[in-house]
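Chemist: Quick one: this structure, given as structure tokens, is what I'll be asking you about.
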Amino acid sequence: MRKFLRDKSSHIIFICVLLIQIIFMIFYCDMKKGYFVDELWSYGLSNSYYHAQIWEDGALDNPEISPDMFKEYMTVNEGEAFKFGSVIYNQTHDSHPPLFYMVLHAISSCFPGQFSKWFGLIPNLLYYAVTIIFLYKIGKLIKKDKYFAFFPVLFFGFSIATVNMVTYIRMYMLLTMWCTIFAYEHLEMMASRKIKMKNLISILLATFGGVFTHYYFVIFAFPMVIFQMIWMIMRKDFKMIGKYVVSGGVGGVCAVALYPAILKNLTGTGVSHSQKTLQNMHNFSDWTSRIRKFWVIVSEEMFGGVFMLLLIVCCLGILAYLITQVLWEMKLQYHADHYEIAVNNKEHTKTVYVKVKRETYLICDIILTCAFVFVISAKISPWQVNRYIMNLFPFLSLLFCYLLYFIYKLWIKNKAKIQIAMVISMMLIGGLTYYVNDPCYLYPEGENNIAISKEYTDTTCLYVYTTSYIMINEGLELQNYQRLYQMYYKDLDIKVPDVSIENSKLVVYLDRILDKKYDDLGEKVTMDPEKCLEKIQKLTGLKNSKELYQDEKAYVYELYN
């Protein structure tokens, strides 16, 4: 028994760490009370029966709409369970491949008529666990050190960047899982110098799953495939090349066969987002600003905003070692009552042969892949936000831990002390990250907002917007009102709906884009929220107003006499 525990100690420790990390993530998932608009779209695109957007089929032609339309949009209705054809149809009208939505629809189908954050969070927890497992396996490939693989697992697994991935009910945690599996199989082939059947099957599945989840998987896979092909060609292993090409090709072809719209969206001829991506690629004037913005995102979410400082310190650590231990021998000596530094100049008069270790070319593969993905994603992303580089976070964690471990190993010869230094460093950086940031997607005010809307269930509601899709963000509140009206803000000057006011009260939602100079379509905003509210008061005769709450998308008021 003791021998078993000794031989399997690292596996036992890893399982314990993984369980603790899952509990840690469940804690943050439980704290999630509200949603970003895209998250509610996830439910709508997954569960709405052949109806991708709420404004389709003239659903918003009349000022008065049914509050139930939001519940029907976000949940599976009777007789619509496990209708995956509907999911695929909806995605042809949106921006992404359908795998993430199909999983969400399958879970929602088990609970018809119900909405729960856990329908999206539980799959994310599963994807997170698989990502951690493969990150650990990559760490073990990189270094033979028994405990090195734990450091990237700890750094990534507890980071605020990962909390954001898990608590964001979109496809980015799933995408990260596929990227991690794909990377591991490639690195294992390079490390073992052979290709096994399990490698071929895993590459096929990861390619299919990645392409069927998000187009950015192609950006990640491209450099890794190129490096793999170069490596195999240099070794003249054409049999291995054939197996490899067939495996990845079958995975990609299957994804395209099941969802042909992939080709249109990849070439920029599909939905508007793919066209915008292509336009961004053709614009050469904003490379530096976009890269700088994404650099800040990485720095803030993973390194507490001091990423550049940490890199400088690491470089100085390496430089100091080269000066003191390679170019010169420096020794601190004590004589009588004082210290002195003895310097012996080293003259290299013979040829020095440097052996390139396995870990070196594996690390170089990861570095080049991350650099390519970072630059391209920064350039083409429709918005400069964290989700477009989330799939890099486990690999950036691995690279940083490798660099830190390398520097400590230069200066510290005792392995136990190196491990202690690594743990302390990660705790300090992780603590700083949580000190300067809050998780992005918890929205703690969301629960209170829904509770307020339920207090006004016998009241009429009016939603005034600049673009109608914004209403989805308040869908969980809007479904609670007795009667619901909606209108474009400029229509307040042209036509006003005959609003039926109940109990001499009216709840008004005002799109926060009214605060800006231009709306999402680039049109000039001609009325601010205050003027809009005054106009509604004048038209309804309700002279008094009280702010109920505000979130990132809307101001909410009660009008009354």
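In case you wondered, yes, glycine gets a Cβ from its N, Cα and C as well.
Note that the structure is predicted; figures quoted are calculated from it, not measured.
Below are the features I grabbed from TrEMBL:
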- 12-28: transmembrane segment (TRANSMEM)
- 118-136: transmembrane segment (TRANSMEM)
- 148-169: transmembrane segment (TRANSMEM)
- 200-232: transmembrane segment (TRANSMEM)
- 244-262: transmembrane segment (TRANSMEM)
- 302-323: transmembrane segment (TRANSMEM)
- 360-382: transmembrane segment (TRANSMEM)
- 388-408: transmembrane segment (TRANSMEM)
- 420-436: transmembrane segment (TRANSMEM)
Chemist: Using a cut-off of under 8 Å between C-beta atoms, tell me which stretch among 148-169, 302-323, 420-436 contacts the transmembrane segment (118-136) the most.
Modeler: 148-169
Chemist: Ranking 12-28, 148-169, 360-382, 388-408, 420-436 by the number of C-beta pairs under 8 Å to the transmembrane segment (200-232), which range is first?
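Modeler: Per the Cβ count, the answer is 360-382.
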Chemist: With Cβ-Cβ distances below 8 Å as the criterion, list the same-chain residues six or more beyond the ends of the transmembrane segment (360-382) that contact it, or say none.
Modeler: 141-142, 183, 186-187, 190-191, 216, 219-220, 222-224, 227, 273, 276-278, 280-281, 287, 290-291, 293-294, 388-389, 391-392, 395-396, 398-399, 402
Chemist: What same-chain residues lie close to the transmembrane segment (388-408): Cβ under 8 Å, and 6 or more beyond its ends?
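Modeler: Contacts with the transmembrane segment (388-408): 131, 135, 138-139, 142-143, 148, 151-152, 155-156, 159, 161-162, 164-165, 172-173, 175-176, 179-180, 183, 216-217, 220, 294, 297-298, 301-303, 310, 314, 317-318, 321, 363, 366-367, 369-370, 373-374, 377-378, 381, 418, 421-422, 425-426.
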Chemist: Counting only residues 6+ away from its ends, which parts of the chain sit with a Cβ under 8 Å from the transmembrane segment (420-436)?
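Modeler: Residues 151, 154-155, 158-160, 300-306, 310, 401, 404-405, 408, 412.
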